[in-house]
Structure formats: C-alpha cells, structure tokens
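Per Swiss-Prot, the feature active site, proton acceptor maps to GLU92. Feature annotation from Swiss-Prot assigns active site, S-methylcysteine intermediate to CYS342. If you look up Swiss-Prot, you'll see CYS112, CYS116, CYS119 marked as [4Fe-4S] cluster binding site. The S-adenosyl-L-methionine binding site feature in Swiss-Prot is assigned to GLY166, GLU167, SER198, SER220, LEU221, HIS222, ASN299; the stated evidence is sequence analysis. Taken from Swiss-Prot, the feature disulfide bond applies to CYS105-CYS342. Taken from Swiss-Prot, the feature domain 'Radical SAM core' covers 98-337.
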Amino acid sequence: MSTTNLLEFDRDGLADFCARLGEKRFRATQLFRWIHQRGASDFDAMSDLARALRDKLKGCARVQAPPVISGQASADGSVKWLFDVGAGNAVEAVFIPEDERGTLCVSSQAGCAVGCRFCSTGHQGFSRNLSSGEIIAQLWFAEHALRRRLKTEDRVISNLVMMGMGEPLQNLAALLPALRVMLDDHGYGLSRRRVTVSTSGVVPMIDRLARDCPVALAVSLHAPNDALRDQLVPLNRKYPIDELLQACKRYLAHAPRDFITFEYCMLDGVNDQIGHARQLVELVGRAAIRCKFNLIPFNPFPASGLLRSAHDQILAFAQVLGAAGIVTTVRKTRGDDIAAACGQLAGDVRDRTRVAERMAKQRTMQLQLQLNSSRRAEPSAAGVIGCGESI
C-alpha cells in the first residue's frame with residue numbers, strides 16, 4: 001500500500017493532511033514537532049498523540065529520508081552525505097562546523113541545467129527537481145544524525161545555505177514549502193538571516209522569493225561584465241547583469257539583511273585581474289546596491305579546464321574591493337579532501353537535457369581554438385586572457 005511521506009509537508013500542509021484523516025488541525029503541530037524537533041519516524045514513539053491517530057498514521061503515512069549511499073568525514077570536520085533519490089540519481093549535502101555555528105549546504109535538484117563552466121554539477125547535466133520532502137530530508141537527516149553522533153539534544157545546525165547541487169530558483173515550487181519548514185518555530189526555528197538561497201540569477205524568481213519567503217540572498221556573479229559572464233554563467237544571456245542587479249535592489253526592500261552577497265569564483269587568468277576588480281567597483285557603484293563580496297578560491301576538477309587563482313592574486317583583488325569600501329571576504333576552503341568544497345558537489349545524475357553532452361562539445365571546440373591560437377601566437381602571448389575578454 002502506498003503511503004505519504006510527511007516530510008513533504010510544511011505545517012499548513014500537514015494540517016490539511018490531518019483534516020483528511022478526520023483529525024483536528026492542531027494535531028499537525030504536535031506531529032510536526034515530533035518529526036522535525038525530535039527526529040521521530042516511529043509513530044508509536046509519539047506518545048502524546050492519541051493511539052487512534054497513531055494507528056491511522058501507520059496505515060497511510062511514513063517519515064523517511066532518501067537512502068544514504070555514503071557518508072564521509074573530512075579532516076577539517078566537514079561531513080558529506082550522498083543520498084539516493086532514485087532512477088540512478090544521487091544528491092549531496094554537506095555539514096560545515098565552525099566555532100560559532102554549524103552550516104548545512106543543501107541540494108535542490110538532481111543535476112543543474114544552468115551549466116556554469118566552473119561548477120562540477122553543471123558539467124553533469126540535469127535530471128529532475130527535488131521535491132520539498134527531498135530538500136527538507138537533507139536537513140532532517142543531518143540534524144538528527146549529528147545530534148546522535150555528538151550525543152546532544154541541542155541544535156547542531158544553526159545556518160543553512162541552498163548552495164548544493166542545482167539552481168534553487170528553478171525549483172521554487174518545492175523550495176518555498178521547504179523554507180517554511182526550516183523557519184517554522186515548531187520545526188527547525190532557523191532565522192531568516194541564517195538561511196541563504198544562492199542563485200545564478202533567475203530574475204523573475206528573485207522577485208517571487210522576495211514576495212513569498214524572503215531569506216538571505218547570495219548571487220553567483222563571477223564576472224564584472226556581460227561578455228565574460230555570458231561565457232561563465234550561460235543564464236546571463238537571458239538575464240544580463242543590469243537586470244540582475246535591479247532585481248537585487250528590489251529584493252533588499254524585503255530581505256532580512258540589508259545587503260546582497262555576491263559570490264565570485266576566482267579563476268586564474270580569467271576573471272581575477274585587477275582590472276576586473278576595478279570593473280566590479282564601478283558596476284556596484286553605478287547600480288548603487290548595498291553588497292558584500294565573497295571571493296571563492298576555485299576548486300579544480302578535470303572537465304573544467306580551469307585553474308585556481310594564486311592566493312596573492314586573490315588578496316590583491318580583495319584589496320581593490322576593500323579600498324572602495326566594499327566588505328570583502330575570502331572563503332576558506334572546507335571539505336576539499338572529500339570533494340565537498342564549493343563547486344565540487346556532483347553526486348550522480350542521469351542527464352535528461354543533454355547539457356553534459358553540449359558542454360563536452362564546447363570543451364572540445366575551446367581546446368581546438370586554443371591549439372590553433374597557440375600555433376599562430378608568439379610564445380609569450382599564448383594563453384593570455386585580458387581583462388574583460390571572453391573565454
């Protein structure tokens with residue numbers, strides 16, 4: 001007999017489910033607390049629920065995360081789990097412990113259709129959106145697994161970032177109920193300031209998120225001009241930088257923070273020159289947008305054909321931004337020994353969009369162009385990419 005996974009529901013949805021069982025809607029709050037605050041999956045353990053309700057639930061419902069294929073711990077304390085979401089697809093979630101907080105990085109899709117050049121997930125293509133339950137299950141499993149491991153009843157995960165596999169705003173219908181569970185005081189009680197949705201720039205959905213469930217927003221910028229961003233983040237061809245920045249300004253009217261975080265992956269010789277930093281200063285100044293920059297050292301993977309910027313170059317880049325009064329941080333790479341760092345999450349994806357095939361063809365063409373160019377160019381000029389030039 002088919003049963004309903006209660007992880008799929010926010011509290012209102014769970015109240016509707018209880019009403020369909022002939023139960024009072026307030027029972028949903030009791031049930032919701034058992035599931036999310038206590039991590040219970042056994043209805044018999046839910047001692048303050050009436051026996052009749054528990055018997056009904058056993059016949060028609062379940063509380064179940066996707067099967068865990070593997071769990072890996074990094075030398076720095078980060079933990080990565082690989083979840084089997086069926087049909088040959090697997091997604092990853094990563095816990096990153098720090099002195100004052102514990103952050104969980106959560107996936108929203110099996111694969112990603114955006115196809116950013118520097119992202120391992122994008123090179124795998126796209127299979128499907130995750131359901132609300134599959135998104136929240138990553139938090140449900142991680143929080144309670146970590147509590148058991150640490151032998152504590154205190155909350156372990158204080159921050160959550162939608163920065164795992166997938167573009168969250170291309171799965172907004174499932175994302176919104178999951179966010180409501182994260183924020184619900186009867187669920188995980190996370191602050192809106194401590195839940196961050198990262199997007200490559202789906203402009204209409206930024207506006208919808210602002211209206212329906214504003215949380216902290218991070219934008220994957222990665223380039224100071226459209227010519228370069230078109231190459232690194234193909235979605236830019238649909239929603240160019242000026243449109244994106246205007247959407248960010250509109251978002252700030254609803255956001256729990258008074259700034260937007262711009263993520264910027266530092267790619268050697270591609271987007272990391274001092275001229276690029278000066279262009280960024282001019283860009284955000286012209287847009288008059290309150291922001292901070294998070295510079296991310298690139299985590300190489302074979303298919304990318306890209307290299308990490310030198311540490312001194314990253315610091316020099318940050319200094320230009322900082323001198324202009326822009327708060328700038330350099331992300332500390334965590335979990336790279338278990339392929340859990342930024343841009344490395346890949347899981348397993350059964351590509352239904354042929355994105356991976358197209359990207360492979362593009363890589364072949366780029367390599368051929370580079371070979372042809374190097375044969376024609378002077379040795380000292382080969383392979384150099386100037387500020388603002390496309391790749």
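A Cβ is built for glycine as well, from the same backbone N, Cα and C atoms used for every other residue.
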Local confidence of the domain 'Radical SAM core' (98-337) - pLDDT mean: 96
Most distant Cα pair in Å, residues GLY166, GLU167, SER198, SER220, LEU221, HIS222, ASN299 binding S-adenosyl-L-methionine: 19
Between CYS119 ([4Fe-4S] cluster binding site) and GLU167 (S-adenosyl-L-methionine binding site), the C-alpha gap once rounded to whole angstrom: 12
Protein Cβ atoms within 10 Å of GLY166 (S-adenosyl-L-methionine binding site), excluding its own: 31
Those residues of the chain, 6+ apart, with a Cβ under 8 Å from that of SER198 (S-adenosyl-L-methionine binding site): VAL161, MET162, MET163, PRO168, LEU217, ALA218, VAL219, SER220, GLU263
Local backbone state of CYS119 ([4Fe-4S] cluster binding site), from DSSP in three classes: coil
10 Å Cα neighbourhood of GLU167 (S-adenosyl-L-methionine binding site): matching recorded positions from GLU92, CYS105, CYS112: CYS112
Separation of alpha carbons, GLY166 (S-adenosyl-L-methionine binding site) and CYS112 ([4Fe-4S] cluster binding site) (Å): 4
